[in-house]
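Some notes on the structure that comes next.
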Amino acid sequence: MKRIGVLTSGGDSPGMNAAIRAVVRKAIFHDIEVYGIYHGYAGLISGHIEKLELGSVGDIIPRGGTKLYTARCLEFKDPEVRLKGIEQLKKHGIEGLVVIGGDGSYQGAKKLTEQGFPCVGVPGTIDNDIPGTDFTIGFDTALNTVIDAIDKIRDTATSHERTYVIEVMGRHAGDIALWAGLADGAETILIPEEEYDMDDVIARLKRGSERGKKHSIIVVAEGVGSAIDIGKHIEEATNFDTRVTVLGHVQRGGSPSAQDRVLASRLGARAVELLIAGKGGRCVGIQDNKLVDHDIIEALAQKHTIDKDMYQLSKELSI
C-alpha cells in the first residue's frame, strides 16, 4: 500500500487530532503517503483532499476538535453518492481509508467496504457507545468536563440548599451520565438503557431530606427525556427549590486528557497497521487494555450495553 486517506466524521470528540497525528506519523514511518479528507464524507464527495506531511500534524495532539473538520452527510447513504467518493479516492491514488468517528461514521465505512474499498474504523465519540471497544476517543475528556461542572454545581447547590437536575449528552447511551454520576456521588442517575419510576426518584429525594440532606444532584442523560420537565415534576412533587442545568456542547470541547491522547495514538497507529496488512473492513478498539480489531459489519450488528454492575452500584451507593 502506497497511499492512504484519513477523515473524521460526525460529532467531534477530544483526541481526534491525536488519532490523526498517529495515522500520519505511523504511515510515513512505513513510507506510505497520507491524504487528509476535510469535512468528513461531504469532503470526500466534493474532493476536498490534501496531502499531509509530518509538519501537518505538528503540535495538534493537545488540541480539542479535529484538524480535518467534520460534518454530517446524510446523502452518503446513497450508493451512487458513495461511488463518487470512491472515484475521488481513486483519483488521488488512495488505496485505503481510516475513518475516525461514531456509529454513523462506521456505517459509512462499512458501506464503502461493501462496495470494494478497504476502510478501517477508529472509535471517536464522547458517548462511548461503539461496540467492540471498552472506551472511545473523547469519552474520558468529556467525562472529566462533566465531573468538573457537577463539582461546581454541587458547591452552589449546597450553598442554596437546592436540588439540581443536570442533563448530559447521550441520546442512546448513558455512559457519561452513569460514570459522572457515580464519580460525583449523584443522588439519582437516569439513563436511556434503564427504565425508571419517577415516584421512586421522588421518594429517594424525600428520604434524603428527612435525614437532614439539604441538597441533591440528579444526573440525566439527554435520551431519557426533558431535564426541564423532570425538574418541574420534582419541584411540584416535593416543593424543593429545583434548578436545571443542560451542559450541552461544552462536553465535546477542550484539550484531550492523557488517557484520550494515548488511546487515540494507539488506535490510530493500529488502523494503519491493519491497512498495511490488507485487512480492510475492520474496526479497532481497546478491551482489557489490549488493542483489538473486529469485522466492522459484525461490530455494527452488536448493541452497546451499559455496565449493569456499575449501574447497580450507583443505586446502592446513593441510598
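We count from 1, first residue shown onward.
For all residues, glycine too, the Cβ spot is worked out from N, Cα and C.
These features come from Swiss-Prot:
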type	residues	note
BINDING	G11, R72, C73, G102, D103, G104, S105	ATP binding site
BINDING	R21, A22, V23, V24, R25, R154, G185, A186, E187, R211, K213, K214, H215	ADP binding site
BINDING	D103	Mg(2+) binding site
BINDING	T125, I126, D127, R162, M169, G170, R171, E222, R243, H249, V250, Q251, R252	substrate binding site
ACT_SITE	D127	active site, proton acceptor
Determine, to the nearest whole angstrom, how far the Cα atom of R72 (ATP binding site) is from the Cα atom of T125 (substrate binding site).
14
Identify all same-chain residues not among G11, R72, C73, G102, D103, G104, S105 whose C-beta atom falls within 8 angstroms of the centroid of the ATP site's C-beta atoms; report them in sequence order.
S9, G10, G40, G101, Q107, G108
Pairwise CA distance, R25 (ADP binding site) versus D127 (substrate binding site), rounded so that it is a whole Å:
27
Hey, which of the binding-site residues G11, G102, G104, G185 is the loneliest by Cβ count within 10 Å?
G185
Taking just the CA atoms, what is the gap between R243 (substrate binding site) and V23 (ADP binding site) in Å?
44
Would you count the other C-beta atoms found within 10 angstroms of the C-beta of R252 (substrate binding site) for me?
19
Where the distance is taken from Cα to Cα, which of the binding-site residues V23, D103, S105, G185, E187 turns out closest to D127 (substrate binding site)?
D103
Cα within 10 Å of R252 (substrate binding site): which of the binding-site residues G11, V23, G102, G104, E187, H215 qualify?
G11
Fewest other Cβ within 10 angstroms of its own Cβ, chosen from the binding-site residues V23, C73:
C73
